[in-house]
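Pasting a structure here, questions to come.
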Amino acid sequence: MTTKFEATTICAVRQNGHNAMAGDGQVTMGEKVVMKGTAHKVRRIYNDQVVVGFAGSVADAFNLEDRFEKKLNEFSGNLQRAAVELAQEWRSDQALQKLEALLIVMNKDDMLLVSGSGEVITPDNDVLAIGSGGNFALAAARAMQLHAKDMSAKEVAEAAIHIAGDIDIFTNHNVISETL
């Protein structure tokens, strides 16, 4: 059985010129058992200049995070180029096509969603969210951006995860966040 991070929530926010990404800590085995409540699904890479968050199979997510960091090194930290190259490789390599994960990658200038079907998506409204609670976090973060402009990016991202955790049974309130 493969451990999945699908039952997780990651939210990235750009607010007031700052970026933050937050994720919950729950790892669920199947649909009935919480295996861990303190997993770190949001991490800094590339000399702490890039934050990556992932949802999907644990092994697949780590594999893709490692491949993405190699692409960042290959392209001297160019986030968009590294993301596009990873997406192209992911889509064209038959072994990689079987990987079940999504990545949100972010530096001080850009925020991108990278999927296994070859998409590299830049959000229209400075918020991205993935995982089982992703839609709840996305809606909450967008509402806070519109109506609570005094909140920091970190406060918005963390609050969005907490709101998702109140609704989604696969998301807990042990929030890990990183800011840029």
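Just so it is clear, glycine is given a Cβ too, placed from its N, Cα and C backbone atoms.
The active site annotation in Swiss-Prot covers THR8. Annotation source Swiss-Prot lists Na(+) binding site at GLY165, ASP168, THR171, citing sequence analysis.
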Rank aside, I only need the closest one: which of the binding-site residues GLY165, ASP168, THR171 has its C-alpha nearest to that of THR8 (active site)?
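The answer is THR171.
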Please list residues from the chain of THR171 (Na(+) binding site) whose Cβ is under 8 angstroms from its Cβ, counting only those at least six apart in sequence.
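Once residues fewer than 6 apart are set aside, THR171 (Na(+) binding site) is near ALA7, THR8, THR9, ASP24, GLN26, GLY131, SER132, GLY133, PHE136, ILE161, ALA164, GLY165.
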List, in sequence order, the residues of the same chain other than GLY165, ASP168, THR171 whose Cβ lies within 8 Å of the centroid of the Cβ atoms of the recorded Na(+) site.
THR9, ASP24, GLN26, SER132, GLY133, PHE136, ILE161, ALA164, ASP166, ILE167, ILE169, PHE170, ASN172, HIS173
Within 10 Å of each Cβ, count the other Cβ atoms and name the one among the recorded positions THR8, GLY165, ASP168 with the highest count.
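When each Cβ's neighbours within 10 Å are tallied, THR8 leads.
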